[in-house]
């Protein structure tokens, strides 16, 4: 039913005839009863279209053995008229879906010999094609909202005179099969005025196209005389200075009655349509029973976060039977809309605040509640019977109940917007309750938060305006001894509430929230509602104004003046930091006083200022932070080569994509994307190996232009290890694009990861070319999904087996996550290593496993240091922070309920140390960072939990597709512009990556300053620094000079040294020549030895006989002259 089929044929055997509905009749007579549908003429038309093109069927005489006399006029028959069939599929399709189905009996023989199949194909070929063509007959079109132009899903299309309606699809599309003729069609949708179009002519051939544009229902309102200055839809806003006394009384609401869901929906649409310049109606998702969780935004610039403007929220009806908050918020919507532009207080509040009002967090419970209820619990819980105010992750107590859809929706919402202040509206007492709601001991005692003084101040701002609440004795008839001084109380001091929403807001976001009990009666009678508005209207306004108390401002980068996202603002002696939003804007609620406030951010030097907070209005204090190291966006030159960083590009599509990544990196970016995407996936069962294979083949068959299915290898039992690539050019190398892989199922007994990856693949394919974000991500990313690494183990595992190790290993009993070594022994690991990891072209890898709720990063082996630890931890934290409960660090698994994992992130070896893990091998040999996500405490939870697990992990999985486009990407080339492939990029003197074909490289790094060394054979080494932003990739171009060095030394030095050496050698030779010349001249002057060679030899012999040559030192030389003075003696004694 989810596929919205229009026409169908059910192929049978045993006769030759086309049968059409109904297949049975109320009498259930065996045969002979013509059971006509409202569309009998259409069905006869379709059946004849098939039969008339079949050479045997069109004769109406199949002559089947045993039924030789059976005939069918024109080769068609009404099913029940032939024989009565209860529970037939064709009747189900017609009655319960939009689909018209006929049953086609194709051959007298049910299982004919293979030799006859060719003839059967010839008999049926034209008929099959003709029936397919008939899907295009009738009337088709869209049903749209006349204001927004968006399609209306599940609108009803009815045809006058035919008692059978169809409904529209996801985009408001419909296709109504009809035979040629003239028809009157009506489109109806809840909250809209019905529209009928008469005399629509249907002709033979393609369908007539007809669109319906429905007007939202607008209830008539008698205008007040004071409304004359405004026109709904084009609100005039005079310049009224804040605080200017009003010359008239504000317009009070008039709509006081209990609004069930259809009424509330009409109310919200009405005001959204009447005041489009200051309102935006949106939904956070759906309740268990698929009711929309509506929020009305009221702001002078709806739909946009204005930097510096705080955001506020009210949530009502968390407990379905506590209805006063629901009605008060509807009253408040009316009050703000009608008074904007005329009342100075309202105008100033709407101009300066982005207000979000959620009338009902539990619409299902409300519909079960009963008017007049004071103390019962009927309707209190949601449709799964869980108390939503006990369903949020808690700091003291593990919450074991499954997180409910309403809870998940609200947590995702609060994470997406920079809320500063909030109130949760309840009933059953009359008091403002502030954090903490519980304590470690679980007893009723004061549990003070670090901001206890702030909470008391904002709680008093509400109670002081409600005289009955401020007295402090709310429900004397019900709780005689209950007393709350000044109408406020610490939550845990009243009674202990683990899993409450207000504590989660304070601990996990920047938002301060209190819980307001609005009255002793939970569901008062309608006539009492005006009294509740009168008691609370001033309190509601005054409480909203508290969002403007304390300190506000911006944290800016001193280099470029840009705001710094996620900078931390810490107040001395108050252990509760807040963080900045995407423009660097922040808000910090504080009571009057003097404070020391420090702004800090990774990669920057912190700045501390002394700030004095006044009692009226927030003081603005801006912080400008200087980067702690030189930003590599400045050119850095070493030798004659150089490297530069730049974020500029001449490609407008690249700039557009960079802007998209920045938007998605903001806190509400992914939320908006998820709300705008088609996400109604049918996760209702697990896929066996056969089902998984068929699912993947189906994706490739339906989306051939963006998918490619390959096998990495086979398991021990010869099952394929499938790899699905999703890209705009699958199986084509695009080295400039980052490549990411998602893998799951390394342990066959933990198949949740497999199902999540199949859901991710389906989500991307379904939304490609329909959602612009998905389209751009697929176009610019190479996504590889390996859903099952251990298919043999998966086949052995059993559903609902939370702790069993059956299927944990492969068919040989080996834990595959211990086999990733240089001599891997298992075929599964060999396939992954050889065909995935060793390709070394991935930028990021995410592995999904089970058995807890956390993320681990390398290494799993016990090592002293972890290279690139900050980046690996950053990636793991990013996944955990986008998960509604993982970042709390309390998996609360039954086998280890006290386990505490800070931030939900831990180094693998600290959690479960082992050798031979996949992520260690990926980092070491694949040069790719890999994190392991443990998705569920239960290894193999029931299939009923899969939708919730998908909802919990969807945002985190998508955040990885965004993150892979950050870090550093660059190009390495020489001075001529020639790209250099296989160059080595060394980051922070540790991590190494290689440039790909075309000289491209990409590496993920944590935000901050990083050092880069580039090395290539034949070129001079290049050095630079780069500053990595949290929301964008830093682009680096490295230009190499040819390496002119000789023996590792500069050519100039070698030439100089060589020249000096040669000069020294020449000089030495000259000196030796001179000395030799002098000696030669002495001989020419008459000196000679007195004895000749023979005598010398005899002397040598004589000396040798004495055992010494020392006598040679006493020789007599004589000159040829007669002068005795010139006789030389040399003697040594």
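Here the Cβ of each residue, glycine as well, is placed from N, Cα and C on the backbone.
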(request) Would you please say which range out of 734-763, 764-793, 794-823 has the annotation region 'Disordered' in TrEMBL? (result) 794-823
(request) Out of 1053-1076, 1077-1100, 1101-1124, let me know the one TrEMBL marks transmembrane segment. (result) 1053-1076
(request) According to DSSP, folded down to helix, strand and coil, what is residue 105 (active site, proton donor/acceptor)? (result) strand
(request) Please list, for the domain 'Peptidase M14' (1-135), how many residues fall into helix, strand and coil according to DSSP. (result) 52 helix, 25 strand, 58 coil
(request) Within 10 Å of each Cβ, count the other Cβ atoms and name the one among the active-site residues 105, 517 with the highest count. (result) 517
(request) Could you check what DSSP calls residue 517 (active site, proton donor/acceptor) once collapsed to helix, strand or coil? (result) strand
(message) Please report, as numbers and ranges, the same-chain residues at least 6 past the borders of the region 'Disordered' (794-823) whose CB is under 8 Å from any CB of it.
(response) 686, 688-689, 715-717, 719, 745-751, 754, 788, 829, 832-833, 860, 894-895, 914-918, 920-921, 937-943
